[in-house]
């Protein structure tokens, strides 16, 4: 078993080291992660300059390769020639903060998993809800359990799984739930400030609160102490509207 690890918080993030510890007993691990934090990078690729790859030589990250690019860059170059042996599984995370609802469209963590999926490799993204690493040991343990369950009882068809773990002690986690994506309200307004020259600058506002957190959603599961397991797909076609748009077709 060869597992490729990536993330969006950067190669020094505690969540990546925890994921490495969790999965190392399961097989050979290759880590290719961003040099810097790329939260919110989505599926962006670096096309205007070459990418450089470095290798950490000390600490918990010893042997990790890191790239001066995005999470998608990391998985893309790993799967298209940088590493010799094709991985059996791509795992991204453990992210600092949730990736639920529309978050998956912005998340670099989920994007790294999507890139693996696009290249035909089963892929799983892990996120721990809430900022901080208060119960990272619990998330580490759950990540290993989820991957072990995937290996022993894989779902039918291609796998792209988004996992959100509540920020709780392991003993307080209520269990696992298969979920759909919930929905958020619109993001908060931008925060306007001025730089020292009096020129306006803007910070992107906070994500909106949950709009659809009904039973069966990722929001609902996590709010009730469950691990949320959401299988994703990439076909964004609105099939319900397709018939209406066909009226616009030319002869």
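Each Cβ is built from the backbone N, Cα and C atoms, and glycine gets one as well.
These come from Swiss-Prot:
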- 8, 9, 39, 95: divalent metal cation binding site (BINDING)
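Known features from Swiss-Prot, placed on the structure.
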| residue | record | Cβ within 10 Å |
| --- | --- | --- |
| 8 | divalent metal cation binding site | 33 |
| 9 | divalent metal cation binding site | 23 |
| 39 | divalent metal cation binding site | 18 |
| 95 | divalent metal cation binding site | 30 |
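Under the three-state DSSP scheme, residue 8 (divalent metal cation binding site) falls in the coil class.
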